[in-house]
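Trainee: Below is the structure I would like to discuss, written out as structure tokens.
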């Protein structure tokens, strides 16, 4: 079992370090061994090799069973040409190379952290438990033609039948094992690509008679996520709409530092939902929980270790219930635990409940 480990930029190396400590506990308890091969991506790779996705990193990823990523990007590299920046030349290029087509982002509001949410408790209700399924390989981020000159900038949004069918089936398969409800988000009242999207999603829905399908325009979806987030189970949407809505929904728990994500394709990529947070990098105050939960997703979806994944998730929940907080979710930042302390607490709890 081989994992390509790409710590990346900003807080990436710090939170990846804590997640790998959790993986060590799993290895000790199960007797299984993971081969961890480290690579460079993004700004880290630019500084070392002059390019955001070196050939050696590509090789490491293609030879691995799963890719475990920290974070990519930062203002240090913003003045580079777009194709040389960490996000476009690094992360987007990696996604394309691996044929990643679906980003899966679970959003859960822990009961003990309801007060941390920016929304009122009456809006959060008994809790929020939804998954955003975002198409990742097509749409306006990849469409051609695209360009920029002194007078205009232009992009192209394209979707084809095969691409929509694939992402729709992913969403329905996930919903089948949850509350059996898919909400497809588009802009079919004005965009031709969304008209095709809605048509194909309706066709795929017929293959899943036990799953309820509803359609909603993206502007209304953005509003409903604030007014009544508990109504959603699985949200299915396009690349750009998903980029925006998944970050909006990620605000519900009170911190991006709590939220994992996975990208499915030829090889699966696992990374936290938040960014590289260069302003707090190296200070040992970042929240490692998203990275640790991304590890749990990797164990479940790439290595079939479902029970072990549930134990990691439970350990995280118990540590939070016991009142431990990093600065991003602490009511009193002066009483917050550090990145490494949170990692140690989760490792200790995992040992206890195993």
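Cβ from N, Cα, C; glycine included.
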Trainee: Looking at substrate binding as recorded in Swiss-Prot, which candidate out of 105, 146 goes with 95, 134, 219?
Mentor: 105
Trainee: Between the Cα atoms of residue 281 (NAD(+) binding site) and residue 247 (Mg(2+) binding site), what distance do you get, rounded to the nearest Å?
Mentor: 21
Trainee: Can you tell me which recorded positions out of 82, 141, 243, 277 are within 10 A of residue 134 (substrate binding site) by Cα, answering none if there aren't any?
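Mentor: Taking 82, 141, 243, 277 one by one, the ones whose Cα falls within 10 Å of residue 134 (substrate binding site) are 243.
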Trainee: Filter the binding-site residues 78, 86, 95, 219, 247, 277 down to those whose C-alpha lies within 10 angstroms of the C-alpha of residue 187 (site 'Important for catalysis'); answer none if the list is empty.
Mentor: 219
Trainee: In Å, rounded, how far does the Cα of residue 247 (Mg(2+) binding site) sit from the Cα of residue 277 (NAD(+) binding site)?
Mentor: 15
Trainee: Far apart in sequence but close in space: which same-chain residues, 6 or more away, have a Cβ under 8 Å from residue 285 (NAD(+) binding site)?
Mentor: 326, 327, 336, 338, 339
Trainee: Nearest of the recorded positions to residue 82 (NAD(+) binding site) by CA-CA distance, picking from 105, 141, 219, 243?
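Mentor: Its closest listed neighbour, by Cα, is 141.
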Trainee: Taking the Cα atoms as reference points, how far is residue 243 (Mg(2+) binding site) from residue 277 (NAD(+) binding site) in Å?
Mentor: 18
